[in-house]
Structure formats: structure tokens, C-alpha cells
Amino acid sequence: MKHFEANFDGLVGPTHNYAGLSFGNVASYSNAAQTANPKAAAKQGLQKAKALADLGMTQGVLAPQERPDLYTLRRIGFSGSDAEVIQKAAKQAPALLNACCSASSMWTANAATVSPSADTRDGKVHFTPANLVDKLHRSIEPITTANILKATFKDPHFFQHHAHLPEHAHFGDEGAANHTRLCGEYGHSGVELFVYGQEATNPNAPKPKKYPARQTLEASQAIARLHQLEDESTVFMQQNPDVIDQGVFHNDVISVGNQNVLFYHEQAFLNTDAKFDEIRRKMNADMHFVKVATSQVSIDDAVKSYLFNTQIITLPSGEMTIIAPTDCQENLAVFAYLNELVTLGTPIKQVRYYDVKQSMQNGGGPACLRLRVALNDQELAAVNQDTLMNDALFGRLNTWVEKHYRDSLSVKDLADPQLIVESRTALDELTQILKLGSVYQFQK
């Protein structure tokens, strides 16, 4: 039986905009109020996904959320027709309207945490949608996320879906952006590394001072229990609070792993040596810890370029490749480091660069755009085949984007009631292309 890692990229939604909603995310804040190009953003994401499929990788797509989210706006007291709800919110509470129009679900690294069947006691692939309670605009995602995941990974013989964790700061969960699975081979049991920002129930434990720690130890432990993971296949490691305060809002901004490689900045973690020893002890394979020193790449350069928000993939040839944003080429220190990295004798042998600038300007690089799902060939056969990237789907989705998406969207445009009609028309057609059924509230 073959085993491999599939990547499921989030399709960029029609309301992609720069409202600067994510405190602690430097790129999101610094580009607030710029005019976005939803059509270009969606096409950039599709091109990156298709490029990985063309490399021989198993690549899928996940549908975006319904936005504007009129159901949340009605729940908080705005009434009338759909157009009146939008107009009232724009006048009385524009910040709330902005939150209900966010296309942030494109960053599917935050959609859920996934544990493969090789790690779980019941031998199923487990999914838990992230509750994303730290950010209003993302906290309204989990129910629809669950619908989309269930429509993509449908067969209960292979896939186990859990409800998101309780919606409280104690269980703040940001999904796979704070989770890396380390292993020798994808089909062998591995070590699931859960990285957290603070302990919610321990006021004396280290935590950041300036920006919020979005992931708690308690949430990570709950996910491990739900996913039926053994103690010997889990490691819980704290992210350095100082780097959170420098804009490292998720662990995938400061480290990334694949199989037996963990690529990380030397300032990424607390108690690094002891925790790496624990990983080595629990692994059934040799580990390569690839450290980037501050003298080579500063935290500031790492955050601006998203050096660590890259993907490390294993090609069908067995060779590892980094999928990086073109921003890494444009940063002299980062580009020099990556050119050196491929000569150092690690399993990482090449770097490929892709333009995802529309996403980058909102604070999300290549790793943010994908949810990793390790599968075997039987499990892959049970996945909704209409969500898997190939030439035909790439063509259909590009045509769909060209038909439905605007090429310019400013924050003030979010008050246009026509955006509701455009978005729902697009998503209704998308559910037919991907054969998802009725995953959105407006379809029910």
C-alpha cells in the first residue's frame, strides 16, 4: 500500500480584501486599507496548487467560506433585507462588517488539525476544525469548515470528524499552523509535534507581553485526546513568547517540518534541547534539525519574507523541496541562506519560488494556504475526487474565477449589497463543480 502526504489548498474567496483584521500579524496590519485584487489572489493560489500537482504531488482544494456572513450580522442585531443588513452594519459598525466579509479561510493551515491513520488508535484519519477564538473574523468559520471537510473526506470508514473545541480562550486552537507531524515514512507511526503559545490554566507560565498567544497547551492536549494519539507519539513544545511579540503569531511563521526534517529558527522555541531530545527518543527514524541562526536570518527578515511559512514537500523521487514565496528571493539575507541550504547535506535539495503576493500582503504564505493530510491509497480513493487538482479542474476553476471575481476590492466596497449576490452565485456554482452538496447556510 502506498502512503503519501496530500495538500489541500484553500480557494481564495470573492471578498478577499485588506481590512487589517489580524492584530499580531505584521503583514495584515501594515497593509490595512490597501485595495485588493480578489481575481489575482484566487489565480495565484490556483497556480501554486497546480504547480504542486504538476510535480507529482497529491493536491486538492477546499472551498472558501460564505462571505459576507449575513447570519452573524443578523445574530448581533442587524435586521431587514440582506441589502439593509449590509447597509446598517456599514453605517453603525463598519469594523463588524469587515470581520464578516473576511476571506481568511483561504489559509487552511488554520482550518483544522489532522492526524493520519498511522498514528491513531482506531486507524482512521481524524479531523478537528480549529475554533479560532482569538480573532472575531476567524471565530465564525468552524461550523462551515466542518461542513466542507465532511463533504471532502466523506467516508466514515476512513475519516473521523470531531466538533471544534469549546469556544473559550482556555481552548484557543489555531489548527495545523501550530502542529507538525514528524515521521520516517508517511505510512509509519510518527511523532505529532504540538506547539503552543501559553498555558491557560497556569498564570505563572511564560507568555507573550505584546501580542496574544493564540494556541494554548490545553487545546493541543485536547486535540491529542480526541485524535486517540498515544503519549509516545506526541510532543508538546512551547513557542518562544519573545518571537510571538515580534510578529510570529503562529508556529508556521518560525518553523516547518516534513517527515524527518524540522526546519526552524534558533529563537523559535523554549527548552529546545530537551524537547528535541524527546522527539529523538520517540521517533522511529533519524531526525534532521535544520537550525537557522539569528546571525544568518533575523526574526524580522524571517517574518517579512516568510522563510518558514514555506512548504517542505517530498517529491515522488524522494527528494525534498522547499516551496517558497517570491518574497524570499527579494530578501537578500533569506535568498543567500536558501542558496546555501541546498548545499549543506540535509534532505532539502532544492527551492522553488511562487508568487502568492496577494496572500502574503494579508499575512499568509505558501504554508498558510494548505492543509496537510497524510493518506494511503485506499483513503485517497475515499476522498471526494472532484476536489483533487488536475488539468480539468484547474481549467474549470480558473474559468469560474474569471467569471465571478472582481479585480479590485477596497474596504469601502464591502458595503456594496451586490457583493452578496456575486459571492453567493459564485459559491453555489463552486459547490456543483466540487460536488460538495449544500455546505453553506444560504443553500439550506
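Placement of Cβ uses the backbone N, Cα and C atoms for every residue, glycine included.
Taken from Swiss-Prot as is:
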type	residues	note
BINDING	19-28, Asn110, 137-138, Arg214, Asp252, Asn362	substrate binding site
ACT_SITE	Glu174	active site
ACT_SITE	His250	active site
ACT_SITE	Cys368	active site, nucleophile
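Of the listed recorded positions, namely Ala19, Leu21, Cys368, the sparsest Cβ surroundings within 10 Å are found at Leu21. Asp252 (substrate binding site) sits 8 Å from the residue listed as 'active site, nucleophile', taking the Cα positions as reference. Around Glu174 (active site), the C-beta neighbours below 8 angstroms that are at least 6 residues distant in the chain are Asn110, Ala130, Leu132, Asp134, Arg214, Gln215, His250. DSSP assigns His250 (active site) to coil, not to a helix or a strand. Taking each of the recorded positions Arg138, His250 in turn and counting other Cβ atoms within 10 Å of its Cβ gives the largest count for His250. Each residue contributes its Cα atom, and for Arg138 (substrate binding site) and the residue listed as 'active site, nucleophile' those atoms are 14 Å apart. Around the Cβ of Asp252 (substrate binding site), the number of neighbouring Cβ atoms within 10 Å comes to 30. A helical conformation is recorded for Asn110 (substrate binding site) in the three-state DSSP classification.
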